Amino acid sequence: MRLLATATALMLTVGTAQAETQVRVHYAIPTIWADVQQMLADAFMEANPDIEIVIDGPAESYAEGVQRLLRESVAGTLPDVAFVGLNRWRILEDRGLTQPLDPFIEDEAAFEAAGYTGALRSLGQYQGQQHALATSASTLVMYVNPDLVEQAGGSMDDFPTTFDGVIELAAKIDALGDTIDGIWIGRHDWRFQSLLGSYGGRPMTEDESDITFDQPAGIAAAELYARFVDEGGMKTYGQDQARQAYPAGTIGIMMESSSLMTRFIEAAGDGFDVTVKALPVAAEDPSTVYFPTGGSAIVMLSEDPEVQKAAWDYITFVTGPEGARLVVQNTGYAPTNALVLEDDAYLGDFYKDNPNAFVAHQQVANYAGPWYAYPGAEGVAVTDLIAAALVEITEGADPETTIKDLAETVRGELGMK
Amino acid sequence: MMGGARAWREGLTTLWLVGPATLAMTVLIFVPVALVAMLSFTDYQFGARTFNWIGLQNFADMVSSPLGRRAIVNTLIYAAVVIPFSIILALLVALGLHRLARRAGWLSNTLRAVYFLPVAATLVAMAIAWQMLLHPTIGPVNTALVALGLPRQDWLSDRGLVLYTLAAIGIWQSVGYNMVLFLAGLSAIPASLYEAATVDGAERPWERFWTVTWPMLGPTTLFVTVITATTAFRVFETVATLTKGGPAFASDTLVYALYREGFVYFKAGYASAITVVFFIFVLLFTALKFRVLESRVHYR
């Protein structure tokens, strides 16, 4: 009898506890994230029965996701936390929608020890405040076709680690045939920022008051584009065509986001062994080098202190080692918690089976840096101007004058003059 | 006295009949259009909490900025290629199929279905097929060119060529639809007119076309022209799926620019200004077409 009473009382407490706090979650790109989001929510709710995670219907892309969040902010129906593109949380911050996370972090040293390294924290910081925490990451890597390298007389074991060496090898691959292209890289803001970072450059000053990609590092990065075309046999086709051509085996070296790894391996099938190499580090002082990081971050949007506490628990779970393990195993993105790379217990077996992933993920852990979003109303628009200037460079325009003109135009557009 | 009450009742009935539709039209069409027109005079950013009135600044920016001008010029070039070609080709195909129908009906019907396929298929899905076909190294189109001893072309990434590639796809898309309209027009021409033409001495096909077919197709041609023109000015799907306006804005068109400014750059005020310009564009064009052509069209 007493047992029954205890059991009833227990059930009642569990029953009431379950409905205590509800956290609404927004995410985008269901093709990559749908299963993982459910796994994260289920694993979290199992450990925290007093918090219920409610997942909103996903947006098709990060761009669409931000649009929806902006609409919801106008309508007053914002979710409590949101997974957004790493280069897009600033749009929300700019409109005062994100809640700073510093009050929740409290002890910075302990947070660092929990796997949130300075490089990883920098992905969600603006003007010294933590607005977002990265949940998945990718940087620019080199996808190599080993068969073509072999045919061109190169060696995969002794693969070049400088841009000069890469271009030389690309030229040899390009000479193999009419339909074989030596190298390819997208003419796009993020790719340009990656090459710039390899030379130790930054697109803007620390306080974002001036453009700095017209300094020597930026000109060197722009000259790479010209050399890829002139010497490395890069064709000027677009991103979609290149993403078809590499798995088809007609591109020797392709510089692309590490998040495409799974897709390329599947698409290449038995054709050849897709092999990932780290991007060359060109700066004399490697400590200045960083690679702008794509991927997603989680932000807190709720203004209710009660919900905020529960939301913070969810955020730390998702970005903690357990969440990072789930993300890595199911998406192909690199982890955003250093503990999983340091401790074999989380992903040791996974990396043994996926050496390509280890190369890409180590690059993220060593060199992750912010993907600069340009400030203000014209911020997104100027990235298209940058892409257009890169198109001109690959079609023969002088890199130095083009980049200097571009910097002036961008300064004008952003009101920096 | 009685008449007044009756008029009142009739008025009420009228209101009851047209009221809901008018209300729906006001709420769903006129109010949004008015809002867009209003936004076009502001610097409103999507999701922002405030905005400023900036008068005609957005319109001035559109005309003065190289990007805005390029979008307008590109759209005009695109329309100038697509409108005549898709009408002339559709007319030729329709005339051919119409003749063929008398000798080999099944063949004519099959061909008709084939020509209509691009219309029935989703353009976005077909764009992906085009992308494969036009691939610079592994695409069948370039492979065929090389086999014929011709140089490869970068159909979608050559800045001088890309707009015409998109125009060709636009023509391919609209020929089938225009053909069906022309076929309907052709079958509505009474045979007696051709007999009369023969009696009057118009024996050769060319003479019969000029004296009977072409004048009788006038209303159809007017309709086809207006439809083709508005679709050409609205070109969006192929740009969005195949080129995203690139490379370097070489294939940027008015509606794609509108999408880009509003939904990628979040500049709602500026995007509204483009919408207003586009709206006026299409409205003027349609009105002009009807006014100029209606006087010359032979209606029965």
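Cβ coordinates are placed from backbone N, Cα and C, and glycine is handled just like the others.
Curation plays no part in TrEMBL annotations; they are all automatic predictions.
The shown structure was predicted, so the numbers you read here are calculated from the model rather than taken from an experiment.
Annotation comment: TrEMBL describes B:12-41 (among others) as transmembrane segment.
Taken from TrEMBL, the feature domain 'ABC transmembrane type-1' covers B:72-289.
Annotation source TrEMBL lists transmembrane segment at B:76-101 (among others). Same-chain residues lying 6 or more positions outside the transmembrane segment (B:76-101) and placing a CB less than 8 Å from one of its CB atoms are 107-109, 111-112, 115, 163-164, 166-167, 170-171, 174-179, 181-183, 185-187, 209, 213, 217, 221, 224-225, 228-229, 232-233, 235, 253.
Remote same-chain partners of the transmembrane segment (B:113-133), defined as residues 6 or more beyond its termini with a Cβ less than 8 Å from a stretch Cβ, comprise 93, 97, 139-141, 156, 169, 172-177, 179-180, 237-238, 241-242. Positions annotated as transmembrane segment by TrEMBL: B:113-133 (among others).
Within its own chain, the transmembrane segment (B:161-189) is flanked in space by residues 74, 77-78, 81-82, 85-87, 89-91, 93-95, 97-98, 112, 115-119, 123, 126-127, 130, 134, 153-155, 212-213, 216-217, 219-221, 223-224, 227-228, 231-232, 235, 238-239, 242-243, 246-247, 250-251, which lie at least six positions past its ends and keep a Cβ under 8 Å from the stretch. Per TrEMBL, the feature transmembrane segment maps to B:161-189 (among others).
As annotated by TrEMBL, transmembrane segment applies to B:209-233 (among others).
Residues or ranges marked as transmembrane segment by TrEMBL: B:268-290 (among others).
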Beyond the flanks of the transmembrane segment (B:209-233) by at least 6 residues, Cβ under 8 Å: 75, 78-79, 82-83, 86-87, 90-91, 95, 170, 174, 177-178, 181-182, 184-186, 188-189, 193-194, 197, 200, 202, 254-255, 278, 281-282, 285-286, 289-290, 293-294, 296-299
